[in-house]
Amino acid sequence: MEIVFEDFQKALSKIKLLRENANIIEETVQRNVSEIVRNVRESGDEALSFYTKKFDGVKIKEFRVSEEEEKRASMFVENSFLEALQEAKKNIISYHEKQKRQSMFDCASEGIIRGQIIRPLENVGVYVPGGTASYPSSVLMNVLPAKLAGVKKIVMVTPPREGGIDPHILVAASLAGVDEIYTIGGAQAIAALAYGTESIPKVDKIVGPGNLYVALAKREVYGIVNIDMIAGPSEIVVIADETGNAKYIAADLLSQAEHDERATAICITTNIELAKKVEKEIERQLETLPRSEIARESINRNGAIFIVPSIDEALQLSNEIAPEHLELHIKEPMNALAYVKHAGSIFLGPYAPEPLGDYLAGPNHVLPTSGTARFFSPLSVDDFVKKSSFLSYTEEALRDVQHHIVELANKEGLHAHARAIQIRFEEEE
């Protein structure tokens, strides 16, 4: 892992280059995704079967997971896993319940009523990755906010594999309250949820993380359905001063690096000695890490330690990066919170490591990446509702303001708009 001594602008340029390298998308991948989406839209289940055999090596007769298979799954999971899942569910619910909002009813003045109605989405599709790891935690993080919002039907898709779906995923889905589960993955699953097929119902919104093909497919179908966000590779920035613990920092950087070779792990510190210790500690921990090959590639390609003169400059640099995860291993981290403008999720102090947020604390782990924390937010209850405004005016209330409306409409050249107001107050013949 490279230790970099640069001024602010050079450091920022280097970080941007790291991110750009992590987000390079080959044109052939985009073309492949577009073709998959088009074929699923046109051929439905036939295309799903073809791509499932091609990419997953599995021939599936029935895409939907039976209730019997869901029930059997509990026989193959450990009690300790169930206890952990239930604790996570409790915390996720208690946190997200506080995000719920009420409809608004405003009697602005005599004869005027206006407001906003908040209603849940009717159908939501949740993508749960398979790939190199299984993510029961993603089931809870994506499904529970939707349930709290009041979504009527939640459909889950997850890639098939020999021997069936991981029972831990099925148990998590049952605990969270998923209504239907289908064994499809990749871009073809996203297309199926967006357009519907003979077997897969069309949904109103698709949420959940996935690989590059999934992310590009979500971008492709956005507008046909809504999506949560287009997630890039995982990323973490750790800001540390001389009080930082090198073992903790190295472990936290590797916790993101093990996700994906394209993940980004960056440490920004004011202390050169700590930087050297973190570098050595990363090498030491990599030796025993089960997913060391992935993590090492990520660290070598997209990892770095930056030396800066002050924590203020470290925070400025982090704000320019707008990372998915930001850890503050500094004195009085709570005091620095006010200066963090852009980050998906912020972890304060040495005993609030990123995996705490990933699994158990309650805040959502579906977070904006690739600098989009400047304008996107973590997944929340708000993502599963829609809002409609309403208004009511009496004849007298409209009469009082008619001249303003006519003036504005005529100024914009929309004379039928003006006429729609004027006609209500003309003398009837």
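Any Cβ shown, glycine's included, is placed from N, Cα and C.
Annotated features in Swiss-Prot:
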type: BINDING; residues: Tyr127, Gln188, Asn211; note: NAD(+) binding site
type: BINDING; residues: Ser234, Gln256, His259, His325, Asp358, Glu412, His417; note: substrate binding site
type: BINDING; residues: Gln256, His259, Asp358, His417; note: Zn(2+) binding site
type: ACT_SITE; residues: Glu324; note: active site, proton acceptor
type: ACT_SITE; residues: His325; note: active site, proton acceptor
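Of the listed binding-site residues, namely His325, His417, the sparsest CB environment within 10 A is found at His417. Long-range Cβ proximity for His259 (substrate binding site), meaning a same-chain Cβ under 8 A and a gap of 6 or more residues, is found for Pro233, Ser234, Ile294, Ser298. In the three-state DSSP assignment, the secondary structure recorded for Gln188 (NAD(+) binding site) is helix.
When the binding-site residues Asp358, Glu412 are compared by the number of other CB atoms within 10 angstroms of each CB, Glu412 has the fewest.
Cβ neighbour counts within 10 Å, taken over all protein chains shown, single out Gln256 as the most crowded of the binding-site residues Asn211, Gln256. Recorded residues Asn211 (NAD(+) binding site) and His417 (substrate binding site) have their alpha carbons 48 Å apart, per Cα-Cα distance. Around the Cβ of Ser234 (substrate binding site), 24 further Cβ atoms fall within 10 Å across all displayed protein chains.
Glu324 (active site, proton acceptor) counts 28 other C-beta atoms within 10 Å of its own C-beta, drawing on all protein chains shown.
Neighbour density for Gln188 (NAD(+) binding site): within 10 A of its CB lie 30 other CB atoms from the protein chains shown. Here the CA atom of Gln188 (NAD(+) binding site) lies 27 Å from the CA atom of Glu324 (active site, proton acceptor).
For the recorded site, Gln256 (substrate binding site), the DSSP three-state label reads helix.
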